[in-house]
Amino acid sequence: MNNLSAFRALDSSPLSGPRSFGPHNHIPILLQRPRNAVICSVKQSIATPSPLSVDSSPNQGLNRIESLTQVSGVLGCQWGDEGKGKLVDILAQHFDIVARCQGGANAGHTIYNAEGKKFALHLVPSGILNEETLCVIGNGVVVHLPGLFKEIDGLESNGVSCKGRILVSDRAHLLFDFHQVVDGLRESELAKSFIGTTKRGIGPCYSNKVIRNGIRVSDLRYMDTFPQKLDLLLSDAASRFQGFEYGPHVLKEEVEKYKRFAERLEPFIADTVLVVNEAISEKKKILVEGGQATMLDIDFGTYPFVTSSSPSAGGICTGLGIAPRVLGDLVGVVKAYTTRVGSGPFPTEILGQGGDLLRFAGQEFGTTTGRPRRCGWLDIAALKYCCQINGFSSLNLTKLDVLSDLPEIQLGVAYKQIDGTPVKSFPADLLDLEQIKVDYEVLPGWKSDISSVRNYSDLPKAARQYVERIEELVGVPVHYIGVGPGRDALIYK
């Protein structure tokens, strides 16, 4: 199936002014470049294959998966929404435990079962569709119990057993409905400088955790002191925001509700630090699933337009309580182009109707919120930065099929200052990011349907060139290539 049939041919020369994409009826649609874009070269062909390139074979997929280390991880390398859930779902069949280490219900992972049925997960790890897999929600996650129970009920109603298969850390912090109210009030308060959060209460919950007045899952076992702790949180929110309504009746209702939640959650509660470390000692295989992505990391992302946790490699150790020395392979998941949701800098963004067409071709709407995602060319400069921070052993390039109808594809290969001085790393300052220029390479497209391709050697030459150029620029091999949403739509390289 052609994913970008609405796109017309690009101009033959990349330097001949603004590009236009348009539908087949030849109504021109302008693909607006950001004002900081600079086309630096045209890559018509690549003379030699990347040294990282490996040809596929019938056993390549199984060999790739079985060679992964005892404790491996899958992390995002852009601004989230890269398709991590699908890879985790596939790999989970070969792991004993799949563990979430950070984030909350703001992380939406879409996966499909063997029959093609779609599941949208937010808190439950993506290994849940594999019957032999134990799913762990680690101490670094913030847990909204109504949302968790809703997910479990939805899975159970669709024949996915959760009993005895989900463990929730007793050290994880509880995210209450009022955190979501506070999240919305804070966004309104920020007016034009709003962060663009999912309004799922993630930031306010992590704020309570950091200032040390949060409530943890273990507190549900002591309902005699629970009301006092909850009153402190609610009173603090009421004193901070005028629009926040709070009184004794609210506290009473919440306490009664959480008494019922505590009873239901009890079978799921565990000391997951002990569980995971004992599993490591017993040589069981553990797959860590990250939420969001490195460019949303509280330290390394485009601050303040970031999440409130650490979706990079460091968050694995702090979010699960495992030692750095036990970590092995880390797979970075990256789209064949770039997207981000909400506010914040986006150097390679495609503006105007060109971005709209890419959005609809890739169905770029948030799993959690349904918000349209901003779309742009693959940002190699940002990807190299993410690889440097995380030390990825390999990459999963997703949604390559979405680019199938483009006659030319651009790669944002480097950043420069206004005066042409090269920018060696991803800038920390937003003002610097706004002023940088992006150097682009232009590669030929393949203009053919690749959604049914399952062997790397069967991809069109231009598609292989695109993959291998990414490997060459980043210095990390691409071992997995997504060409569709289904479980089987994956090429092992």
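The backbone N, Cα and C atoms fix where each Cβ goes, and this holds for glycine too.
Annotated features in TrEMBL:
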type	residues	note
ACT_SITE	Asp81	active site, proton acceptor
ACT_SITE	His109	active site, proton donor
ACT_SITE	Lys209	active site
BINDING	80-86, 108-110, Arg373, 399-401, 482-484	GTP binding site
BINDING	Asp81, Glu82, Gly83, Lys84, Asn106, Ala107, Gly108, His109, Thr198, Arg212, Gln292, Thr307, Arg371	IMP binding site
BINDING	Asp81, Gly108	Mg(2+) binding site
BINDING	Thr367, Thr368, Thr369, Gly370, Arg371, Pro372, Arg373	substrate binding site
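Here the features listed in TrEMBL are painted onto the structure.
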| residue | record | Cβ contacts under 8 Å, 6 or more apart |
| --- | --- | --- |
| Lys86 | GTP binding site | Thr110, Ile111, Tyr112, Ser126, Thr398, Gly482, Pro485, Arg487, Leu490 |
| Lys209 | active site | Val142, His173 |
| Gly370 | substrate binding site | none |
| Arg371 | IMP binding site | Val341, Gly342, Phe365 |
| Pro372 | substrate binding site | Arg359, Glu364, Phe365, Gly366 |
| Arg373 | substrate binding site | Asp81, Thr339, Arg340, Val341, Arg359, Glu364, Phe365, Gly366 |
| Leu400 | GTP binding site | Ala336, Ile450, Ala463, Tyr466, Val467, Ile481, Gly482, Val483 |
Integer Å distance between the CA atoms belonging to Gly83 (GTP binding site) and His109 (active site, proton donor): 7
Have a look at the binding-site residues Gly80, Gly83, Thr369 and say which one has the shortest Cα distance to Asn106 (IMP binding site). Thr369
Whole-number answer please: how many Å between the C-alpha atoms of Gln292 (IMP binding site) and Gly80 (GTP binding site)? 4
Gly80, Gly83, Gly108 filtered to the binding-site residues whose C-alpha is within 10 Å of Thr369 (substrate binding site): Gly108
Could you say which of the binding-site residues Thr110, Thr369 has its Cβ with the most other Cβ atoms inside 10 Å? Thr110
Report, in whole Å, the straight Cα-to-Cα distance of Gly108 (IMP binding site) from Gly83 (GTP binding site). 9
